[in-house]
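These notes are about the structure you will find just below.
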Amino acid sequence: MSIAAVILAAGRGKRAGSLPKKPKQYRLLGQEPVICHTVRCFCQNPAITTIILVIHPEDRQICEQAIADFKEQLIIVEGGNTRQKSTLRGLQALRKFKPKYVHIHDGARPFVENKLLEQIHTTVTPQEGVLPVLAVCDTLKRINSTHHVLETIPRTHLYSAQTPQCFPFERILAAHEKAIKTCKKEFTDDSAIAEWFGISMRTIPGSPHNIKITWHEDLNTAHLYLQKKMQMFPDIRTGNGYDVHSFEEGNSLILCGIKIPFHKKLNGHSDADVALHALTDALLATRGAGDIGTHFPPSDPQWQNVSSEIFLRHALDIVKQAGGRIANVDITLIAEEPKIGPYRHAMVGNLMNMLTILPDRISIKATTNEKLGFIGRGEGIAAFATANVLYPGEIPK
């Protein structure tokens, strides 16, 4: 069964009080922009084969920065000046992929759960779309222009609609094209267009956590829920890494991505950054994803002399795609020389940028080997690294 998704992120977020050039979908939620949380669940679901992300034309740069970890899995399409036009452009971009079904989802709903997607997948049919809903619990009042109550509306059989909403692809595409052609603009969601077009919609229970960030207060609520979610499922994983490289003739070496003037350099297939190699292994260990040699074998000439930041960013991609949040990292460098102290601040700053964590979560220490062994003889540098990463999900029993 071929399933695609259109994620709508072209809005300007005026109701959420967006900062200049910072719509709500690009605001930070925890350590990542809202849109990263939104796309992750779709990217991790194996049944979803194609994902279209519809953005505002002015947001391409900020979007590409925000979704860098998922760029290989997303197709970016520029939207129109209304939600309806943006949705149509996303659907039209899917036409060449010919999916059987398509999810349409609000980019400002960051807490889609995989179990909801799975329930949708087992419910949707060529004849019926699927709509997650929640029963209305509050008492509803109709008021007039002077803010006086006109009547109380019975809430029996009233439900609020959520996304993702899933449809037979060809039928919802035809519905949107007809709506634009006939200038029908009064729809507030895609299920309304489906109803108008004659597509039957089956409802399933939504999730109270699947909130849409519309107002500024919603972002505060999302922060609280994210914190609670991570506390409820404290899957804290610790990974360790070790690496060592010998010296050879040279005039500088690289540690934590920082060039250090020295009368020798480190010998290695890449730039021989022993610190980043150890840290890469530590991060990979938190996912049981092998080691640096598994992903970047030294026998492969394409990795010769490349920056070790490439290796670290690859490990970070693996961590982030699993929803991991780095709690802290600790690196110990063991060498008789050069002196590390003068470069420690620059090293921490470089790791801050790569790991997107605060400096108090980065420890870089250096020690000698008291003149013992090959390190004591000044023949090379060794590094130990430890990474603690918090992942969502319960610890297996």
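Cβ atoms here come from the backbone N, Cα and C positions, even for glycine.
Per Swiss-Prot, these features apply:
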REGION    1-236  region '2-C-methyl-D-erythritol 4-phosphate cytidylyltransferase'
SITE      R15  site 'Transition state stabilizer'
SITE      K24  site 'Transition state stabilizer'
SITE      R155  site 'Positions MEP for the nucleophilic attack'
SITE      K212  site 'Positions MEP for the nucleophilic attack'
REGION    237-397  region '2-C-methyl-D-erythritol 2,4-cyclodiphosphate synthase'
BINDING   D243, V244, H245, H269, S270, D291, I292, G293, T367, T368, N369, E370, F374, R377  4-CDP-2-C-methyl-D-erythritol 2-phosphate binding site
BINDING   D243, H245, H277  divalent metal cation binding site
SITE      H269  site 'Transition state stabilizer'
SITE      T368  site 'Transition state stabilizer'
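Within 10 Å (C-alpha to C-alpha) of I292 (4-CDP-2-C-methyl-D-erythritol 2-phosphate binding site) lies none of the recorded sites R155, H269, T368.
The separation of T368 (site 'Transition state stabilizer') from H277 (divalent metal cation binding site), Cα to Cα, is 19 Å. The divalent metal cation site, placed at the center of the C-beta atoms of D243, H245, H277, has further neighbours from the same chain whose C-beta lies within 8 angstroms: V244, L266, G268, A272, D273, V274, A275, A278, A382, A383. The distance from the Cα of T367 (4-CDP-2-C-methyl-D-erythritol 2-phosphate binding site) to the Cα of K24 (site 'Transition state stabilizer') comes to 46 Å. DSSP assigns K212 (site 'Positions MEP for the nucleophilic attack') to coil in the three-state reduction, placing it in neither a helix nor a strand. K24 (site 'Transition state stabilizer') has K212 as its nearest neighbour among the recorded positions R155, K212, H269, T368, F374, going by CA to CA distance. For K212 (site 'Positions MEP for the nucleophilic attack'), the same-chain residues lying six or more positions away in sequence with a CB closer than 8 A to its CB are D106, A108, R109, Q162, T163, D218. When the alpha carbons of T368 (site 'Transition state stabilizer') and F374 (4-CDP-2-C-methyl-D-erythritol 2-phosphate binding site) are compared, the span between them is 11 angstrom.
D243 (4-CDP-2-C-methyl-D-erythritol 2-phosphate binding site) sits 13 Å from H269 (site 'Transition state stabilizer'), counting Cα to Cα. Across the structure, R155 (site 'Positions MEP for the nucleophilic attack') and S270 (4-CDP-2-C-methyl-D-erythritol 2-phosphate binding site) place their CA atoms 66 angstrom apart. All chains included, 12 other C-beta atoms sit within 10 angstroms of the C-beta of T367 (4-CDP-2-C-methyl-D-erythritol 2-phosphate binding site). Sequence-distant contacts of S270 (4-CDP-2-C-methyl-D-erythritol 2-phosphate binding site), defined by Cβ-Cβ distance under 8 angstroms and a gap of at least six in the same chain, are F296, W303, Q304, N305, V306, S307, S308, F311.
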